[in-house]
């Protein structure tokens with residue numbers, strides 16, 4: 001785009017697939033389709049099982065339902081543009097459409113972080129104060145927590161699209177991914193982006209950063225409680241209820257932190273590494289979470305087997 005010094009916004013951005021492997025995009029789309037299909041079917045299955053099984057109507061599984069809905073949202077946000085690039089080389093995305101996709105991707109990411117924190121709090125109460133757990137985390141309380149999580153994500157990220165719209169863009173309009181990401185769009189501007197960088201970092205640290213710190217603190221308290229239990233069997237039983245949640249936390253936070261650091265500080269990181277971390281962050285957790293919980297949660301596994309058994313009759 002030609003820039004003449006006045007305020008300018010491009011009509012569209014160009015999305016990128018996997019750099020250097022453009023000729024193989026049709027083949028690369030096969031594992032992506034498998035991951036998307038796994039995420040869609042797996043999370044829908046989790047929601048169906050929890051809805052139909054009365055014994056699963058408790059806080060732990062309500063929060064798991066929130067996690068499944070959030071993962072479905074993330075999948076549906078990125079699936080059209082990613083497969084559009086891989087299958088049809090549809091790289092163009094309108095400026096406003098890009099900001100809208102970016103807004104929902106970040107909201108859903110922040111919501112997932114908060115849901116994982118709520119799940120950690122649920123495990124802490126269940127292990128440290130088992131008798132008070134039903135009275136502390138009632139259905140009403142869980143609903144209020146869910147609404148607060150959604151409201152926090154929407155309000156904290158609301159200024160981001162407006163901060164991007166005020167910028168002047170020039171020269172390069174090619175994004176680093178097949179979806180829109182705030183640091184990626186911000187770095188295409190030829191104006192002062194200090195406000196965007198500062199606000200983005202503050203929001204990231206005060207939401208996702210604080211969530212991660214509180215999750216770690218929750219597990220420190222859980223471990224402290226577990227150590228005080230009388231027998232080794234009780235310790236292992238208590239910790240076993242947390243394994244699936246710990247896996248979900250690691251699968252989500254490690255690539256998210258990595259992608260944020262790469263976009264802000266990794267100027268010399270190869271584009272391929274940047275792309276792989278981004279796809280790991282947005283596609284792997286939604287696909288793995290249903291598998292993790294189906295394998296580790298005997299209640300979900302048994303409910304699933306009962307549902308399959310009834311269908312086969």
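Just so you know, glycine gets a Cβ as well, placed from its N, Cα and C.
For the transmembrane segment (24-50), the list of distant contacts is 17-18, 56-57, 61-62, 64-65, 68-69, 71-72, 75, 79, 82-83, 85-87, 89, 279, 283-284, 286-287, 289-291, 293-294, 300, 303-304, 307: same-chain residues at least six beyond its ends, Cβ to Cβ under 8 Å. The transmembrane segment annotation in TrEMBL covers 24-50 (among others).
Taken from TrEMBL, the feature domain 'G-protein coupled receptors family 1 profile' applies to 42-293.
Annotated transmembrane segment per TrEMBL: 62-88 (among others), in sequence order. Beyond the ends of the transmembrane segment (62-88), by six or more residues, the same chain brings 15-17, 25-26, 28-29, 32-33, 36, 39-40, 43-44, 46-47, 50-51, 101, 104-105, 108-109, 111-112, 115-116, 118-119, 122, 139, 142, 146, 149, 178-179, 248, 282-283, 285-286, 289-290, 293 to within a C-beta distance below 8 angstroms of the stretch.
Feature annotation from TrEMBL assigns transmembrane segment to 100-121 (among others). Note on the transmembrane segment (100-121): residues 60, 63-64, 66-67, 70-71, 73-74, 77-78, 81, 93, 145, 149-150, 152-154, 156-157, 160-161, 164, 179-182, 185, 207-208, 211-212, 214-215, 218-219, 245, 248-249, 252-253, 256, 282, 285 of its chain, located 6 or more positions outside it, place their CB under 8 angstroms from a CB of the stretch.
Sequence annotations record features per position, and here TrEMBL assigns transmembrane segment to 142-164 (among others).
Residues or ranges marked as transmembrane segment by TrEMBL: 197-222 (among others).
TrEMBL lists 243-264 (among others) with the feature transmembrane segment.
Sequence-distant contacts of the transmembrane segment (276-295) (same chain, six or more residues past either end, CB-CB distance under 8 Å): 18, 32, 35-36, 38-39, 42-43, 45-46, 64, 67-68, 71-72, 74-75, 78, 105, 112, 176-177, 179, 181, 244, 247-248, 251-252, 255-256, 258-259, 262, 301, 304. As annotated by TrEMBL, transmembrane segment applies to 276-295 (among others).
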So which residues does the transmembrane segment (197-222) touch in its own chain, when a touch means Cβ under 8 Å and the partner is 6 or more beyond its ends?
-> 109-110, 113-114, 116-117, 120-121, 123-124, 127-128, 152-153, 156-157, 159-160, 163, 182-183, 186, 238, 242, 246, 249, 253, 256, 260, 264
